[in-house]
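Annotated in TrEMBL:
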DOMAIN    C:6-80  domain 'Glycine transporter'
TRANSMEM  C:6-23  transmembrane segment
TRANSMEM  C:30-51  transmembrane segment
TRANSMEM  C:57-80  transmembrane segment
TRANSMEM  C:87-106  transmembrane segment
DOMAIN    C:91-164  domain 'Glycine transporter'
TRANSMEM  C:118-137  transmembrane segment
TRANSMEM  C:149-167  transmembrane segment
TRANSMEM  C:173-194  transmembrane segment
Amino acid sequence: MGFADILNYSGIAVFAATGALSASRKQMDIIGFLFLAVVTAVGGGTFRDLILGNLPVFWVVNPIYIMVCAGVAVLLFFTAHLLESRYVWLLWLDAIGLAAYCVIGAQKGLETSGSPTVAIVTGVLTAAFGGILRDLLTGEPSVLLRPEIYVTAALAGAGAYTALVQLDLSYALSAALGALVAFAIRGGALKFGWRLTGYRQRPGRHPDDIPSMRR
Amino acid sequence: MGFADILNYSGIAVFAATGALSASRKQMDIIGFLFLAVVTAVGGGTFRDLILGNLPVFWVVNPIYIMVCAGVAVLLFFTAHLLESRYVWLLWLDAIGLAAYCVIGAQKGLETSGSPTVAIVTGVLTAAFGGILRDLLTGEPSVLLRPEIYVTAALAGAGAYTALVQLDLSYALSAALGALVAFAIRGGALKFGWRLTGYRQRPGRHPDDIPSMRR
Amino acid sequence: MGFADILNYSGIAVFAATGALSASRKQMDIIGFLFLAVVTAVGGGTFRDLILGNLPVFWVVNPIYIMVCAGVAVLLFFTAHLLESRYVWLLWLDAIGLAAYCVIGAQKGLETSGSPTVAIVTGVLTAAFGGILRDLLTGEPSVLLRPEIYVTAALAGAGAYTALVQLDLSYALSAALGALVAFAIRGGALKFGWRLTGYRQRPGRHPDDIPSMRR
């Protein structure tokens, strides 16, 4: 089992856990736990494989990933109530998953296209997709819309990995450093509320409050 | 026309009807009926074909499926107001579609991968996808978050089908029994409010109400 | 650079702008602008390529599309506050994108399948997908649910293009006329509030208000 497998299984397991925690917050039954664990965990990688044309997708080729999700979901069904704050756990596990997936996504993108630009985009999309899907499905406030930086961490991790590979660093070292960068940034954002300052910010009005849209 | 085709066309027609009913509840125009009928009906199968790499997807290969959706949408545009409760119809037709699609999804998954695990997952995802998409697009309360069992019915149907095929039952009999199992469970849930009991349930707090997340 | 490329780059640029405007309305940081610009702009074409099996998708093959999105996002990050109403700009740029993408989607669908029905469906889905995704991700009121016609414009444009190609008009002329039809209809809807009249409309009740659903 190489470093890529370790990242893959870590990403799967922690994203599955965030899906299960989200199911727990919505008081779903055990099948809801399984469903959300699977969808959140394999969502990013499925999307990545579709875009790159690696079909059938990874978990159809190797169903052990599904078993890992199922195991995590069952475990959390019986233990989630023991956690003091499931949402805080969800955010931190999501940060680990983000770190693992931005590197894997970038690596597969680079492999398929040879383009660093594509690598960064597939890295970000792979990392963000599972969490966005989970939040859409359960009606949680989307991680994407939370004030602290989220996509930025994925972008930095995917960018660091891609740059290091271009500098001929070994795959494992580039991947480890890329994941570390992403986790440090997302973790700092969670712990200290880091955010990028906007340029000139003002909130959008609701369409009904825009005079020229009334008739 | 074999049993698989019957299941396929039934699934398409009833999911198209649920999409049209949802459009009617949102007072859309006839094009909105057509759009939601098509998206809801072909959503699950499109997703299944993508994951398994059966491209182009089924309705590009055989556009008659689109015609069926269009016919159903037009019919319901002129008749939906006659129904006493469109939402109750929507839920029951959705139950039929769920039953048909969990079997078809499992069958295609088994065919492509040979893995019962994959078959069950593609069965559940195919069955649940159209309804989830419809509810996301129209802002209906998601079937996924309704208290009674939903995904469970799809899982049971896909599981029953897959098990029976492994026991060397004929395809048609396994499919019929699988669909029956799924429909009986979802129908019972709708009629009697069946739900799986949780283990230790408590609702999640809104992020703003979690002390450690304030700063 | 042929007419197809012009349509493609126009669609990309204006949809990227709508994504960035949506990010601005939600007071996101610059990375949020980049993310939403990319997702909105390449969403429709990605979906089209997946369905038709043109893999890897267009922007993996030709990453310059991503650069265009990034440029638009950065530009709008520094200038969006200068616009009097970002939402009105968003709707009009979305109308241009809709017009470009319904034709491109129809053209690719026709090329792959040879079926006018498929061409119209891929035209509509390609045109509507980016905007729907953007609104789902940012929690804006969906363009799909706004009262004026939206999908209708895409349908008319895709239909006009497909019909003209069947009549052996040149590709460029059919495409220009198809895009014009779509833009004229969507623009008229925005300017004059055009809407198709429903047949017999009544709003749907919330599930909790339906007597037979209480227990």
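In case you wondered, yes, glycine gets a Cβ from its N, Cα and C as well.
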Please give the sequence-distant neighbours of the transmembrane segment (C:57-80): residues at least 6 beyond its ends with Cβ less than 8 Å from one of its Cβ atoms. 8-9, 12-13, 16-17, 19-21, 23-24, 30, 33-34, 36-38, 41-42, 45-46, 49-50, 86
For the transmembrane segment (C:173-194), distant same-chain residues with Cβ under 8 A (at least six beyond the ends): 3-4, 7, 91-92, 95-96, 98-100, 102-104, 106-107, 127, 147-150, 152-154, 156-158, 160-162, 164-165
Going by DSSP, how much of the domain 'Glycine transporter' (C:6-80) is helix, how much is strand and how much is coil, in residues? 64 helix, 0 strand, 11 coil
The average per-residue pLDDT within the domain 'Glycine transporter' (C:91-164) comes out at 92
